[in-house]
């Protein structure tokens, strides 16, 4: 991944590469840019807001994990705080294609897990597929969301998805990323399970009530969480494992370093992620233990 970032730097305009290199090559770079850093880059490069976001896409695509398609897609969302979050597509050998994560989903869930309660705009390499348009329509900010493509004028999400079907059609008022804090607790004192409960309390599952969260522990002790992101159209829903795996990659870590996983689900939910979680992790590494709790 670092080599891909270095390649992106080599291909970027000199003024951008010079200013960006110390940021993206730093050991603590977390695939985000603060509003202040973005403003500094605008000033140093004389690029417009749109031009700079498009120029940053190769750096987001550097995080892509696409062993099947070898098609590397990047996306960048701007949270309500003004911070920019990178995302990239993610695929898995030996697992059915429904487990794939698109770049738009990656960037959005990245922002969500880092505390954003909505996104203002999204910048992507290629026109969003129907799956992602539907996924974005679940967002708390869907009505205001702007979509930017290279060499295109900015458009609203609903210009890409007219006459959209969404949460309101099913009587749901709260969207994905809306500020929420469920009150689930678990008697099991295992630290990884407690981290999964924290993720569960962020989750969005108004259609099945399968509020759920997952935590992954790496060999170096780092822990990454994923909350379930359900969708009114069902199929574009993003499972908690995928949300957590996205955080692993965007932190510059690898799947090889996953040491353990914990999944916590609402006992009153109408579905379960357990079987798919186990099968996907087994494809990555059959030795990863999975703890599971219903609360």
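Backbone N, Cα and C atoms are what each Cβ position is placed from, and that goes for glycine too.
Database features, via Swiss-Prot:
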DOMAIN    48-168  domain 'CMP/dCMP-type deaminase 1'
BINDING   89, 90, 91  substrate binding site
BINDING   102, 129, 132  Zn(2+) binding site
ACT_SITE  104  active site, proton donor
DOMAIN    187-295  domain 'CMP/dCMP-type deaminase 2'
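Structural mapping of features recorded in Swiss-Prot.
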residue : record                 : DSSP class
89      : substrate binding site : coil
102     : Zn(2+) binding site    : coil
129     : Zn(2+) binding site    : coil
From binding-site residues 89, 90, 91, the one whose Cα lies nearest residue 102 (Zn(2+) binding site): 89
Of the recorded positions listed as 89, 90, 91, 104, the one whose CA lies nearest the CA of residue 132 (Zn(2+) binding site): 104
Between residue 129 (Zn(2+) binding site) and residue 91 (substrate binding site), the C-alpha gap once rounded to whole angstrom: 16
Beyond the site residues 102, 129, 132: chain residues whose C-beta lies within 8 Å of the centroid, for Zn(2+): 103, 104, 105, 128, 130, 131, 133, 135
The residue listed as 'active site, proton donor' as reference: those binding-site residues from 89, 90, 91 with C-alpha within 10 Å of it: 89
89, 90, 91 excluded, remaining Cβ within 8 Å of their centroid (substrate): 64, 65, 66, 69, 88, 92, 100, 101, 102, 103, 106
Confidence summary (mean pLDDT) of the domain 'CMP/dCMP-type deaminase 1' (48-168): 97
Nonlocal neighbours by CB distance (under 8 Å) for residue 89 (substrate binding site), same chain, sequence gap 6 or more: 64, 65, 66, 71, 72, 73, 100, 101, 102, 103, 106
For residue 129 (Zn(2+) binding site), the number of other Cβ atoms found within 10 Å of its own Cβ: 12
Residues in the domain 'CMP/dCMP-type deaminase 1' (48-168) grouped by DSSP into helix, strand and remaining coil: 40 helix, 26 strand, 55 coil
